[in-house]
Amino acid sequence: MKTHCSGVINMVNAGEMNGSGNLMDFLDEPFPDVGTYEDFHTIDWLREKSRDTDRHRKITSKSRESIWEFIKSLLDAWSGWVVMLLIGLLAGTLAGVIDLAVDWMTDLKEGVCLSAFWYSHEQCCWTSNETTFEDRDKCPLWQKWSELLVNQSEGASAYILNYFLYILWALSFAFLAVSLVRVFAPYACGSGIPEIKTILSGFIIRGYLGKWTLLIKTVTLVLVVSSGLSLGKEGPLVHVACCCGNFFSSLFSKYSKNEGKRREVLSAAAAAGVSVAFGAPIGGVLFSLEEVSYYFPLKTLWRSFFAALVAAFTLRSINPFGNSRLVLFYVEYHTPWYMAELFPFILLGVFGGLWGTLFIRCNIAWCRRRKTTQLGKYPVLEVIVVTAITAIIAYPNPYTRQSTSELISELFNDCGALESSQLCDYINDPNMTRPVDDIPDRPAGPGVYTAMWQLALALIFKIIITIFTFGMKIPSGLFIPSMAVGAMAGRMVGIGVEQLAYHHHDWIIFRNWCRPGADCVTPGLYAMVGAAACLGGVTRMTVSLVVIMFELTGGLEYIVPLMAAAVTSKWVADAFGKEGIYEAHIHLNGYPFLDVKDEFTHRTLATDVMRPRRGEPPLSVLTQDSMTVEDVETLIKETDYNGFPVVVSKDSERLIGFAQRRELILAIKNARQRQDGIVSNSIMYFTEEPPELPANSPHPLKLRRILNLSPFTVTDHTPMETVVDIFRKLGLRQCLVTRSGRLLGIITKKDVLRHMAQMANQDPESIMFN
Amino acid sequence: MLEVGEAFLGRRFSTEDAASPVTRRRKRKSRCRKRSGAEAGPDRAEMAAALAAGTTAWSGFLRLCFVFGLSFLALTGLLLVQLANAAKNFEDVRCKCICPPYKEHSGYIYNKNITQKDCDCLHVVEPMPVLGPDVEAYCLRCECKYEERSSVTIKVTIIIYLSILGLLLLYMVYLTLVEPILKRRLFGHSQLIQSDDDVGDHQPFANAHDVLARSRSRANVLNKVEYAQQRWKLQVQEQRKSVFDRHVVLS
């Protein structure tokens, strides 16, 4: 039996080195070389980098041998670009499918198209000739459910029937979504960005970026967005794009076998995800750089841009919104803004910061309650209850009945002469002969006043319900609800300023820049600024937010108001707490994420953090050549450390190197099975030459191969500031502490994170993973 | 074991990391056991090495073809989309002009299939309701927009999405309701009691261990598929435990 197992291992080794593989292998268990790290552990960045350098050097040296090898080396160099192209294509396609399906299913809650059931409301009435100016949205082909079932379109019974069916559809979509997530891919729930941030910093979560997660996340995302819940699709789209990135990188051995290189691909895929969510390629790259990625080499910058462009171009060819725009709320007006308006913009920034703080605190408290109490045992019931509440409260208010993207689009748009919504019900001057896009400020009609209090109610509702919605066991994103809250607040402030300017145009603050009869104030711009402020307050994005917003609006002249609001909201929100929503969720889950933005300013030393502390059992070490196989096996069985330092001997304690637990276990197992004469009493040695042994002693076991001869060491008086910096910049998992050359202790990443949590007066026991 | 990996920065790593994840130890053992019954003969190691060396070029070529094939598929998909756009429906392109009420004329919406450069009030609004000098004033108020869509894309997308959703629904119903009933009839009641998860949809996945242990015989495609399916079920069960039960991840 030994030969068969070793035969498997040898085939694995030879196979891995030559990059071969069978097409039927995807049904087999993955070969052990692929999954070299355990689940929920951190990778060794330096080792991955050195493996990649070795591979590259081997290919370069072989490329001079023959034409075929040269072509192979060219293909290896281009494989990165091919992967980016494929990721962009698939991400763009999936985003297009999601947009089209959401468009249709959202309208399904209210009615159905009789001529072709796959058309949404707008598409159904596209070809109709019966649309009139007054009822621009109605056409006989698309009927509400009450018209279809009981042949009535007005009246109390029709309203109640529509209401009831709306709730029914919303409940069925949400129930379907949570069941699919529960049965097929539990990792598909949530936003995905906190986990992707952790994965990109070196953590392994197997299955999080798998094919089933991709499929279920795409399918259920459509369902939950259509069900009218207060969530968005941007965060889940980043997860979907990263799943595509993982899938394509597993086709090339350059990326599938190297976890470090794979994370470069995932960074670029995240950029493509944001690019198709917002139609903002540059914003996507900056988002990946600022929010998601951990190490972002310059090579990744260019490749991310390429992936984001390909994704945006693919989405544009699918053309989901029928007008060659990538996002539903693309606006394109160029009315100027005035310096005096900076004051309300900054006020909106303050509102955004305050809302961000409120949301983060409440949401984390609710998620913690879900994690620790009985509430967490009924995920399906929770989703159904929240959907029911959302649907029941949302239907009566026209601003919450429509999908959030349409609401934002309506709020961002300026009121031309032809807008028929209530927000644009201004009192028009009948003698006005101005062209369409230069309407002066007008007094508000009754429709505007109705719209204002409806918006106020909708604002309060959205603020409250989003706290309970984000974090449920369904795919949920956070960008669109935040933008909706900000847009509603901004529009209300904008209309207020506009009416103030109209009715009191002789006040000192308006006199200089706003003459009667001029178009001074654009409430749509206030909505955009409010949306940027709220999004910045919650996620603490800076540059990427401004770039996304101005790519959304196409107007470079609005950069200054957007920046003012974003900066103000970030300052206000940072005054209350340093963490954005994603970092807060990372802390809630206890992921081992060493944030590059955290500053460590305490004056502790390495001795204060290293293990073993005073009173703890001494460090478990291996000696260079005096331990037997049995000793080592006992040590491994009794402790659960991930690695052991190797010293010269128990007396001198001078450090030789570091051995990983996993590799020790496998090396001993292989040796016992394969090599002759290895028994429990065999001496295990890490030196080049075997030690002097008396005659008749069993064959010694050489394990120098698995020894890391250059572990990172610091002295005991190294300040923790430096140690934290080393861990961050090099991506270390552990670091050894020596004094005068003798090994003193070990600091692991978990110890560093616990220490930082302790210094920040948080619970150090919340760090759960290695 | 072969050793490749030169000294780099004074450290030495071999590129073969013969390591299996902790959770997969059981399967690794069963895999070894699976092959233990094979015939004795020449050393498997040498045979395997020769086989690997011989198939290197072939499998490298296969991989290359696979990559090119995938790229071709993606590009042809894109081309098809363009073709579908080119051969559009007559009704999929239009210029829409909305004209508000003017004097005694009520507001009206005009649609016409016309090219983008001709999409303005003068070409689209027919018959013109006002005469002579009023035309310019009337047209200044009108807002004309060029719109196009692809009805084929919408239809294909929605139908594909609904079919995928339907398939997933059917599979879910099968896994949660039908499979336990079938297994109960085939294997009897006793095996289901072994699982300690008493929520309905855990039942089918709970038998994955037994099925894995049983499936060691003939390595044909069908058996491989079932083996892969049972392994997938185990993974999903693990994920479900971490997310829903222990709230360790994604809380």
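Just so you know, glycine gets a Cβ as well, placed from its N, Cα and C.
No curator has checked TrEMBL annotations; they are predicted automatically.
TrEMBL has this to say about the protein:
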DOMAIN    A:610-674  domain 'CBS'
DOMAIN    A:707-765  domain 'CBS'
TRANSMEM  A:78-102  transmembrane segment
TRANSMEM  A:163-185  transmembrane segment
TRANSMEM  A:205-225  transmembrane segment
TRANSMEM  A:237-253  transmembrane segment
TRANSMEM  A:265-289  transmembrane segment
TRANSMEM  A:342-366  transmembrane segment
TRANSMEM  A:378-395  transmembrane segment
TRANSMEM  A:451-471  transmembrane segment
TRANSMEM  A:478-497  transmembrane segment
TRANSMEM  A:525-550  transmembrane segment
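Counting Cβ pairs closer than 8 Å and at least 6 residues apart in sequence, the transmembrane segment (A:342-366) and the transmembrane segment (A:525-550) reach three or more and so form a contact. With a cut-off of 8 Å on Cβ pairs spaced 6 or more residues apart, the transmembrane segment (A:265-289) and the transmembrane segment (A:378-395) reach fewer than 3 such pairs and are scored as not touching. Note on the domain 'CBS' (A:707-765): its mean pLDDT in the predicted model is 89. The transmembrane segment (A:378-395) shares the most Cβ pairs under 8 Å with A:163-185, out of the stretches A:163-185, A:205-225, A:478-497.
With a cut-off of 8 Å between Cβ atoms, the residues of this chain six or more beyond the transmembrane segment (A:525-550) that come close are 274, 278, 280, 282-284, 286-287, 289-291, 331, 335, 337, 344-345, 348-349, 351-357, 359-360, 408, 411-412, 478-479, 482-491, 493-494, 497, 556, 558-559, 561-570, 572-574, 579-582.
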